[in-house]
Protein chains: 4
Amino acid sequence: MAIEVNEKTMTGLNEECGVFGIWGTQKAAEITYYGLHALQHRGQEGAGIVGCCEGTLRQERGLGLLADVFGKGTRLVNLAGSTSALGHVRYATSGANGIENIQPLLAHFSDTQLALAHNGNLTNQVSLRRQLEAEGAIFQSTSDSEILLHLIRHSKATTLTAQIKDALNQIHGGFAFLLLTPNALYAALDPHGFRPFVIGQLPGGEYIVTSETAALNVVGAKLVRDVFPGELIKIDDTGMQIDHFTDKTALQIDAMEYIYFARPDSDIYGINVHNARKRMGARLANEHPVEADMVVGVPNSSLSAASGYAEALGLPNEMGLVKNQYIARTFIEPTQERRERSVRMKLAAVASIVKNQRVVLVDDSIVRGTTSMYIVKMLREAGAKEVHVRIASPAFKFPSFYGIDMQTTAELMAANHSLAEMTALIGADSLAFLSVDGLVNAIGLNQQVAGTGLTTAYFDGHYPSPIYDYAPTMAKFVATGKVDYMEEPR
Amino acid sequence: MAIEVNEKTMTGLNEECGVFGIWGTQKAAEITYYGLHALQHRGQEGAGIVGCCEGTLRQERGLGLLADVFGKGTRLVNLAGSTSALGHVRYATSGANGIENIQPLLAHFSDTQLALAHNGNLTNQVSLRRQLEAEGAIFQSTSDSEILLHLIRHSKATTLTAQIKDALNQIHGGFAFLLLTPNALYAALDPHGFRPFVIGQLPGGEYIVTSETAALNVVGAKLVRDVFPGELIKIDDTGMQIDHFTDKTALQIDAMEYIYFARPDSDIYGINVHNARKRMGARLANEHPVEADMVVGVPNSSLSAASGYAEALGLPNEMGLVKNQYIARTFIEPTQERRERSVRMKLAAVASIVKNQRVVLVDDSIVRGTTSMYIVKMLREAGAKEVHVRIASPAFKFPSFYGIDMQTTAELMAANHSLAEMTALIGADSLAFLSVDGLVNAIGLNQQVAGTGLTTAYFDGHYPSPIYDYAPTMAKFVATGKVDYMEEPR
Amino acid sequence: MAIEVNEKTMTGLNEECGVFGIWGTQKAAEITYYGLHALQHRGQEGAGIVGCCEGTLRQERGLGLLADVFGKGTRLVNLAGSTSALGHVRYATSGANGIENIQPLLAHFSDTQLALAHNGNLTNQVSLRRQLEAEGAIFQSTSDSEILLHLIRHSKATTLTAQIKDALNQIHGGFAFLLLTPNALYAALDPHGFRPFVIGQLPGGEYIVTSETAALNVVGAKLVRDVFPGELIKIDDTGMQIDHFTDKTALQIDAMEYIYFARPDSDIYGINVHNARKRMGARLANEHPVEADMVVGVPNSSLSAASGYAEALGLPNEMGLVKNQYIARTFIEPTQERRERSVRMKLAAVASIVKNQRVVLVDDSIVRGTTSMYIVKMLREAGAKEVHVRIASPAFKFPSFYGIDMQTTAELMAANHSLAEMTALIGADSLAFLSVDGLVNAIGLNQQVAGTGLTTAYFDGHYPSPIYDYAPTMAKFVATGKVDYMEEPR
Amino acid sequence: MAIEVNEKTMTGLNEECGVFGIWGTQKAAEITYYGLHALQHRGQEGAGIVGCCEGTLRQERGLGLLADVFGKGTRLVNLAGSTSALGHVRYATSGANGIENIQPLLAHFSDTQLALAHNGNLTNQVSLRRQLEAEGAIFQSTSDSEILLHLIRHSKATTLTAQIKDALNQIHGGFAFLLLTPNALYAALDPHGFRPFVIGQLPGGEYIVTSETAALNVVGAKLVRDVFPGELIKIDDTGMQIDHFTDKTALQIDAMEYIYFARPDSDIYGINVHNARKRMGARLANEHPVEADMVVGVPNSSLSAASGYAEALGLPNEMGLVKNQYIARTFIEPTQERRERSVRMKLAAVASIVKNQRVVLVDDSIVRGTTSMYIVKMLREAGAKEVHVRIASPAFKFPSFYGIDMQTTAELMAANHSLAEMTALIGADSLAFLSVDGLVNAIGLNQQVAGTGLTTAYFDGHYPSPIYDYAPTMAKFVATGKVDYMEEPR
């Protein structure tokens, strides 16, 4: 029987998260809490920490921001004395998700305990889940992360390390896993390295593995190096052992990490994100210059690109949009009127800056296009004479399967409209996107590894790894004729 | 008996807040909620809305951010159908404050109801409270705002308007009051206009009075004009009547509103705050230029000034510091180690930008100096070769009595140290402040009204109005010889 | 202007509560907590304790049962170290009441603090409140108890004791007040002693004043004596001083305390409540015997009376109804179907006991009659051949004004129906009530003081004290001709 | 490897609960809620309901009493429209248990959903859990109930009914299971019928299976018959099918259900619990009469037995102890002083009744003996001249393994002390227990089935079924020589 995965499940299953693991310090839980703060941008739906104290793993987790979950009450106190810990921040997907999906997951066995934190998305999760259920497995969450736990326990291998390798070779897609037992901390990255994953060290030598270098900085740790695709790292009281679960690897990190997801102060494979964005802006200026009076970036994510764009053309870079820093969370905004207000609550145009000016509005990406539409409208209401929209990444046409919750293609503006249509819909005087080549060059990763080293499937449909359970849906999508799709040979 | 006010009470009583009042629309409570969002930067301790529905005032309030108080649950639903409303966001003072101090306050009488929202600080509150208690008054809060309610009820005048005027003439200090009854909305500003206060109008003609123009923008209202010092404005179903409770007025708006408190997209007395800050930065560059490779502003409040500084000297304005947008609230940080971590959680230096660079760090102000010290340290750790600190306001030496919670002078760095000492303590290569004249000129308000139009008492000790209950403490402070103090003649 | 008090306010203002005050022990708050447990039957809406620690009064209170408010969390810990304390449990009135009405009330003044706990109802509260408001008073609650605070503060007397006496002489109705300051604990009982109020002593000599002797027993205290009508008692570090605020006193304790409210193990003016109820049952048996197979009491409040009835007639006293001990609180039951289910959830008939039996159902009182109707129905469904209802108190025809929340007369079954009608409505084979004389003799208080010593106004309309603000409504009620009303001469 | 089960786990694993299942009515969830109220005495730690609405099972559960979990908020509303439902109330064991153990458990599979509610205890749970884990199973709770889910899913049988039978034949101990799928409701009782389990029918013909007949009464259902040992009942839209999973059955219902656990208005195998208790009291009077002035039962559980005792000897049955109906839950009482106060908060002696009297105190059982000690002390303090303790069940010497949380034998007073020692420890003038024969005869079940039909292992050590994982501990216990132990031949 063919496995059916509809667009709804495709969206719902995806997730973008942040993870942090540490071994060998009395303040493991507290440091994890601080480290997670630097990863909060990667997930705001929920947060959790599992700490190991005197051989026993204890779990604390809750819905909401880190400060809501751990900043008050006794959750952090309950973890005091932990000498190793695992932390996770979870992305807010649209569906109402329960506490059982908040990670790290913690499983109790008669002989051990196992905690797991995951950033990514498995492309064969539906198949695996059905197979495991057929063997009698009972799942406690709807998260795909739990699959790894079952695979490990179902493995016939005789050591935990061998069982983990066994399990890792059965899953596909993008994954950066941290596992904690009372005896060791494990870290594993998928064979394409879709997600960033770094190793750091505290001044005392204690090891940390986490999603971004920004989390190392906040706890005073130094970067050791990035985790490489296919590696399985084990950290215990004897130190760090670097192993690998597969040889068939090829770095293809998700380009969206450089474009939008990662923090500007993080370095990924040696490349600073802010600098990469600035180069994207500069490249965009070269590809699509405009005669204008000023550049205005959409705060905060597009300020780097705007700065690069402005410098390249010698235009003033002005603060024509102000962001309200207190709107981290808003309630559901169902109506059109409310969606517009939601944007107005987050952003305000500064009339005294943009009035009678020709403005180049630089944004990092366009997904559904509604936010861009409202921003252009706000700038015009504030008196802007012209608004030229420049996007510091290519047009977004294909869904993601490796760990980002990208709206179904039905809602992707660039998948359904021509450039001219988009320009009209957004209400801009002109609209232009960075080319895929421009993006790849601006990031500059291709000078270090074979290939581009990047996944740019959102823009060109070249998926670097099989998409398994998603294939039928993708096929239907391609059949519409609006886009090409080319999976890399397995 | 002399009234004794110690430094503790001086600090504790001060507060900075945001207020929003609206009359005559079915969506009064919802609009107030959206408007308050644009004022959240003025207070994060608590929020409240009183709505009037069919002649009855209903109160909803809670501790925490607006989104926590009104973004979930039924509080906003409970106010649905209100045709007028009053909202308030409250500043987080250090003491643990209870729900009873969250405004708007609401008083029930046999003959009417009265709701009150206040932004400011009364300098004769202790005297008034004792006098009222001697007359039998029982206070339900420790907020000075409640005093006005008692004064109104104790007045012998025969109309509410006359009672309000009577009460307003007994209080001193800085105050922007909104009062709501089932019949009218009142707004009053102190004779010196210490706090910003503006009147707006929705497209349908409904009036709004609020703290900043940013709150008008978010709800789609147009600015009518600023409220002027000494005015008492009454809005009811017949329209708006502008009256005044005193003739002895002189605009002396608190300079800190332009420097730090107000949002950059707000206009105060016709001057845009972002532009004023940019001019402060430019003026600072003229007064204290540096030979450097780049300018780095402390996000977010100092980005305008940094931009002005950089443009004036033709230096690149770089994003050398990144702000974590999710650290709105942190728990109490008692130890030195934790205070440093708190800064590191909020800000991160970008090594790939500042490494081996001579950096001009532009900040809006220095209060205790500890934050500046940690930022300089972070920049150096990130490889900055030189760090020159430039403050886009004068040195902060005197306490505030008109509505800002400024740490006791004992903690004011500039009140206790010479420039050389401060430079060393902060660890900067050089340190310089904007002059008071430079500040006044950069804001540019003096071209519009007599005098400077500004209160700069923090910097020069010239208090434009008597400080009443604070006088004994101030005398002790002056007696230390470290600072001069000159109260303007009453 | 005539004061208008409608039936709604008549009902809403009434309340029945429990109070507990203690002076001079390190465990004052903890002992108060235990003592209040023995008074929980007097009020389940909310609970509060004010403790005095090192000269400062601290307040903790919340909605719900004592165990909900103080049994978890830190409220009791926050009061640790208190050397004196005041506690209150509040009756659940029908209206949705806020936290501001939960007692003890606590008022902060520049010169002192004053906490107040009250059991009773003031008959001139509306007049007093309007008068105080006219003098400028602002009320923070809708509770009548706050009036005493304002009267004390408005008094021109020069000592607190004199101010309290001054205030007590201005209020009318039923009241048992406890007041706590950092210097002393005060207790005052109204001139008719409508509510029970006793003084106790711990083995260490520390004084307690509380509503019932049951609260003394639970904390291991001995009864000293009842508080007498018109007394003002002051307890401080020098011991107890018994004073009085009026000489015009006459004991008229509310008969409902013996019939229903007080705990069976409490003694009121030397008479044990269980014994009194047993005598009521016996007297009822003499007045209205039945030929039957067994007596069944409605648990728990009517078990004493049932036992007396059964013994007097030599009938077996059987457990034909079982009470579910876990239904302390149920949610609102609006429909007829749900109201019936609510009774069924609380009580169950035991078929194996009542099947084919002639049952005498003994209950303590009938208010609306619906509960009785459902119980009779349940007994018949369980197979009872005959059900004779015997009520161990007279028919309830008049409202209460001295501190009991008695449903408006519109709902009082006996005020609107003849005995024959009631019998039919309830579905009983016969129905009979105890006579007023029988009640008075069964309680037996008239042998100790002049008059009956009891208020039996519910049954005969003889109100022992003026009803002030309630007079107009009562007049309307009497005008219907259904009942007589005779106020005692003032 | 020998399985080690220590006394701690023996205690911790035991539990006593109540279950309720219904099929085929639109108000399934609401009726389950009402039904559970009648079972609240069987468990107060937590409550849950799973309802099936349009083919999907939805779960709502929480910690605390039913009224806390479902009486407010939206949990019951969330289940509206369910046409079948399963409910559970959970016993408060001493350990801090998390929400994951609150039943009904709900498991989601790709092909179906399965909800489970369980009353009982499996004696081979540790073995089974280890075996299942060895096969890769991951448990989400520490509850033994989850084992059945795994056994069902691991079964090789091809129909759900066959899988359930397969699973039921692998577990041992006492169990009354309800399982709900979108297609049917299943009920299964262990081969000895340790726990009560009854089938009822609503007037409309809809079937209910629940723990006690009291739950049928409250929802207006009629008893169909008791579930018999070894039966597997399936209820679906075609009606009820009665099947069995084993033939090797012998009724041995736990005698403690008649003595203490069940509600007095419930009937178990045709015998009313109140009547059984009354006969125990009468039998106790015959075996151990006393010359005394009155009988006093410990409320509420011993009132039936006290009534039987009093009638048999012609003594008055008096309410010498009063129970505070509001102490359903108290916080942990660690110290001796607090434990005594805890008893005093629950019970009060009525001095005016017991003073100078010779009292026979009737209680249903003695476990640790401390409560009895405090009650005797209270009666003496209240003036009782003599206190003779009579226990309406035999001395409790052996632990339970079939579903009751009986304190470890180390704390069982009768397991460690002679009758003389116990009398002295309790402080009674005399102490006597009902004989095992007396108990069996008073219940009277032996006239209906072969054997006694009762499990009396607590009293005589005759365990009717193997105790599997508990055997090693039991062996150690027996080795102390203080008690005999005789397991029935398997």
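Cβ coordinates come from backbone N, Cα and C, glycine included.
Annotated active site, nucleophile per TrEMBL: B:CYS17, in sequence order.
Taken from TrEMBL, the feature Mg(2+) binding site applies to B:SER301, B:ASP363, B:ASP364. Sequence-distant neighbours of B:SER301 (Mg(2+) binding site) (same chain, 6+ apart, CB under 8 A from its CB) are B:TYR260, B:ASP364.
Residues annotated as domain 'Glutamine amidotransferase type-2' in TrEMBL: B:17-238. Mean pLDDT of the predicted structure over the domain 'Glutamine amidotransferase type-2' (B:17-238): 91.
Rounded to the nearest whole angstrom, the C-alpha distance between B:ASP363 (Mg(2+) binding site) and B:CYS17 (active site, nucleophile) is 23. The Mg(2+) site is set by B:SER301, B:ASP363, B:ASP364; from the centre of their CB atoms, other residues of the chain with a CB within 8 Å are B:ILE259, B:TYR260, B:GLY297, B:VAL298, B:SER302, B:ALA305, B:VAL362, B:SER365, B:ILE391, B:ALA392. B:CYS17 (active site, nucleophile) falls within a strand segment according to DSSP.
Highest Cβ count within 10 Å among the binding-site residues B:ASP363, B:ASP364: B:ASP364. The local packing around B:CYS17 (active site, nucleophile), expressed as other Cβ atoms within 10 Å of its Cβ over all shown chains, amounts to 25. B:ASP363 (Mg(2+) binding site) falls within a strand segment according to DSSP.
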